[in-house]
Amino acid sequence: MTPPRTAAFTVLYTAAVFIGRMDLIGGTELGLIWPAAGVGAVWLLAQRHVRSRWLDVSVLAAITLTGNLVTGADLPLSAALTAANVAQLLVFLAVFTRSCPQVWNAPGWGAFERVQHLWGLLAAALAGAGVGAFISLAALEASDGPASAVSAAVWLTRNGVSILVITALGLRLGRLSERRPGVLTRPAVARQAVRERLSHTPDRRIAEFCALVAASAAAYIATFWILRDLPLTFLLMSMTVWTAVRFGATFTALHALITGTAAVAFTAYGGGPFAAIGSPTTRVLVAQVFVGMVAVIGLALALGRDERETLFRQRAAAEQELGAQAGMLAAIVEAMHDGLVVVDADGRVVMSNPAARRLLGAGATPLTSVPVSFEAYRLLHPDGTPLSERRQPHMLALSGHEVRDMDVLACPLDGRQEHLLSVSATRLPAHDRAVVVVFHDVTAERRQRDELTAFAGIVAHDLRNPLSTVSAWAQLLTDALDAGPAGEATGELADGIARIQRAAAQMQELIDDLLAHATARDAPLALEPVALESAVRQVAAARGDLPHGPGPVFDIGPLDAVRADAALLRQLLDNLVGNAIKYTAPDQRPRITVTSALERPGWVRVEIADRGIGIPPGRHQMIFENFRRAHTGGPYTGSGLGLAICKRIVERHGGTIRAEDNPGGGSRFIFTLPAAGAPAPDRTGESARATTQDSRPRTSRRAGDT
Ligand code: ADP
């Protein structure tokens, strides 16, 4: 419970009940106006989320009962009228819950700000007043004899209008006080708020407001008093319309309350256009209907205007935001170092950035100029051979291919320098008939890489000779020692030589791996149909003899033929089979199963599974990176390059490779390769390079070469 709020509404409601009971029409129990209906509705709405809201209902009922008793109604009638009032409010709330759920469910007062809310409020007010009218009329009949239909209509209109006007105003003011606490209860805050408002309001608007207040007063005084015999109600309507279209919903509700009260009061005392109606009850009824109409029209106009203004404001804010975002995007695209071109379905360039114009030369257009054809750029294979139209990056993207890091050579027609570009192209999600093509200049990078690769190749090649010499001399020394007499010094010497031999073997392996790595990455592919099964059997036979312990057991299923580079495929198989043997515990016999299946049309899926020591959890991906190992220390030595080589080989064939745990123990490596019958892939799948390497060492990594 919020005691101050309950106390404030107790005072307000008591006053409303006594005002309502002040004047009786034609000796009946019905008052002219019943502000208590509206005040009660606002009270219970304000307390709707409070746990002790039933206490508020009880206090409200007690005030209604006391008010009726004190102002002359007998106990049964007072009780019946109290029941009618309470039922009226409860029905109002029940309907309002459904007709205005956004306002009802909102914390605090809720935002009564849409025309739809007005219709919800009207429906709830009429439903509540209807139930109240039914109960009160039954009670009046029981006490005074038959009640007229007009009395029922008076209750319905009087209470319905009271709930509508006062609740609309109450909700708006409640919201205001939420935004500016104390504005309704503390005069200093209210004064400050008015001062601030005035300081931000142009003089013209203040003048208009004063004019409206004066004109409203004049119109009501003229219609209901000075020129009471003339039918001037249209003047009053124009005041409401003026208020609504210029001053918003809160002031319109206040205006309707003040002018409505004035209209009913004037009519009750025989003034104004409705005074000619003979029966005082009917006269007041007509005045109430008039007030209700004025309030509904005014509020509908004002809320509609507020809604429109909010929408305009939101749209303007959204447009500004969009404009700012578009500006920022344009600035980013302009400043990008990578070239960016948007091409439509007809191959026309609809947008390009300065980097694209710099890299591609003639043909590229600024952001705003007339589109030119993408064909105007000269894009070739990196080795300088022409790139067919079908294989242009934008055409591949348009036909649904994902183009990633495709190497092309850009030869601008205007004679500018050639660039080696890495191109990616994607269909734009919102316009699937347009693609965005991004060009990354890799000229310097590739030159450096080529130089480095050549250097590594030379170094590795040149290191092999002295290393072979070291190995050969170490072997000779071992033989000489074996031939001579054994002694303590001989044993130490033999141990030292064995270490030299092991170190030389490790170095040999590393050099071989480095050379193989360069080959796997750079050597051009010679694709041909390869009988996978016989390739695996050859590798298995070569790997079959182990220096120590029993040889591995192979289970090679019938395997599908693939389309691959035979030498690289052999290297791939040898690395995987070698690892399967190497990563088996020394006292275990390696067991390797090789199977294949058709993965999807045109692709073969190969699986090499072992029963070895397995891969530690979480390391299944990183082992494919250069120099990364999952088993360090212990008896398993290696360079960490083998799987990186495998990955490179598989990817150059357009396939994928991954490692998994083998159910039941060990690991399995699964990779895909094009099927033998598949059409020859385009060169986009590989990085076709201008420079070709002819040194392709046929070396393989040997299991357990330590
Ligand atoms: P290495 O020269 O160390 O063998 P690889 O690149 O061939 O390098 O393998 C990377 C790492 O992956 C290895 O160090 C090892 O930890 C793990 N690995 C590779 N194959 C297997 C396998 N069949 N079983 C268990 N672990 C493996």
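Using the three backbone atoms N, Cα and C, a Cβ is placed for every residue, glycine included.
Within the listed segments 247-272, 325-350, 507-532, TrEMBL records transmembrane segment for the stretch 247-272.
Below 8 angstroms of C-beta separation, residues 5, 9, 12-13, 16-17, 19-24, 53, 56-57, 60, 64, 67, 85, 88-89, 92-93, 96, 109, 125, 128-129, 132, 140, 151, 154-155, 158-159, 162-167, 170-171, 174, 261, 264-265, 268, 281, 284 of the same chain, each at least six residues beyond the ends of the transmembrane segment (30-46), sit close to that stretch. Across 77-97, 118-140, 206-227, 247-272, stretch 247-272 shows the highest tally of CB pairs under 8 A with the transmembrane segment (284-304). Along the domain 'Histidine kinase' (458-677), the predicted structure has mean pLDDT 87. In terms of DSSP helix, strand and coil, the domain 'PAS' (325-383) has 21 helix, 15 strand, 23 coil.
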